[in-house]
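Note sheet for the following structure.
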Amino acid sequence: MLYLTTSATPVGPVSCEESVRNPPNPLSSADEVCPGFQIGPREIPTRFCLAPLAGYTHLAFRRALRELGGLGLATTDLVHARHLLQGHRQSEELIATSDDDRPLSVQIFGGTTDDLVAAAQRLVDRGYQGIDLNMGCPMAKVNGSGGGARLMCDVDGANRLAETVVAAVSVPVTVKMRLGWDRDSLTAPLLARRFEQSGIAAVTIHGRTRQQGFQGSVNHDGIAAVVAAVDRIPVIGNGDVRTVADAFAMRERTGCAAVAIGRGAMLDPWLFRKLSDVTAGRPPREPTADEQLAFLVRHFQLMTEQHGDRSCVLFRKFAAWYGARLGIPEDLEQRLRQFQTVDEFSRIVDELRRRHGERRTPMATALVKVPNGPVERW
């Protein structure tokens, strides 16, 4: 299990450092006229996207984020192609969407090339408008069968796979990958160039190798090398974006067209709204304490719409994130980890209204669990 540390303040309104309140804005004049970007024919309204985070970036969380504003493209949790074809309930839950969950891409992985092609075609037949191929998952379970980041070790094979899926569907196909398998095998620039030639519409680059996992710092120079390797398609930078300043630093240092945010969005769901504010020339708005509690409640309400009574169990994994964000007292956080009914959740929320912010441990020292593998492991 991995952990994320961050220096954000546990409960709003928050006093930001000047560099966060007014970060250097590397947007070109064209960006200021058109704050979004394109993936093939798809218009993405902002340059700040939600990265897939296994077990967390499900429909309810995406919808709650979109209601706050500022989110561009979202991508589902990674879905095993064969399981999708076999109609597994878990796979159906992972790709669940709604009319207000747009634009959206579905990320698929695993199985054979035929499985991936068939899964992509089925998704398009069902109305999905974007397919994302996972070539970055570092988990041994995925890599052992030749999937995820292992695909980056075979440039020709990875390119054939991408080319085959592109030819099989009528919607844009994108790829998410890492810099390479390890520091001696940084294949991302070559792959990105080949992918562009094969019709891939965009690539997202997590700025670490598979060997690193989530350890160490993201390599901006490595992402910049991928940007330099392509001619036209957008490169989306990913990794260690937890603040407004981080997002603009990613763009400035790499030249990427957009930024994908995963763990940072979990701890600060308002990050997309803040980025939208800065892009529009406004100071970023910090959420009030009431807004933060309202988001917790809304997230749970949206989850119950999809999962019913199972939502109580599914929501428990978010307790640590909300505990750190809201400064929830340890006894209430423990209750959030264990509650079993909607009524019990309501009682916890009533008590939170009286006691949130009681625990003043800075989040810089709070260890917050981060998911690190395909949802089948959770």
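One is the number of the first residue shown, and numbering goes on along the chain from there.
Heads up, the Cβ atoms here are built off N, Cα and C, so glycines get one too.
Matching Lys176, Lys274 to the FMN binding residues that TrEMBL gives (Gln107, His206, Gly262, Arg263) identifies Lys176.
Checking the ranges 1-28, 57-84, 281-308 against TrEMBL, the region 'Disordered' annotation falls on 1-28. Summed and averaged per residue, pLDDT over the domain 'DUS-like FMN-binding' (50-345) gives 96. Cys137 (active site, proton donor) and Lys176 (FMN binding site) are 9 Å apart (CA-CA, integer value). Under DSSP, Gly262 (FMN binding site) is assigned to coil, being neither helix nor strand in the three-state scheme. The most crowded of the binding-site residues listed here (Lys176, His206, Arg263) is His206, judged by how many other CB atoms sit within 10 Å of its own CB.
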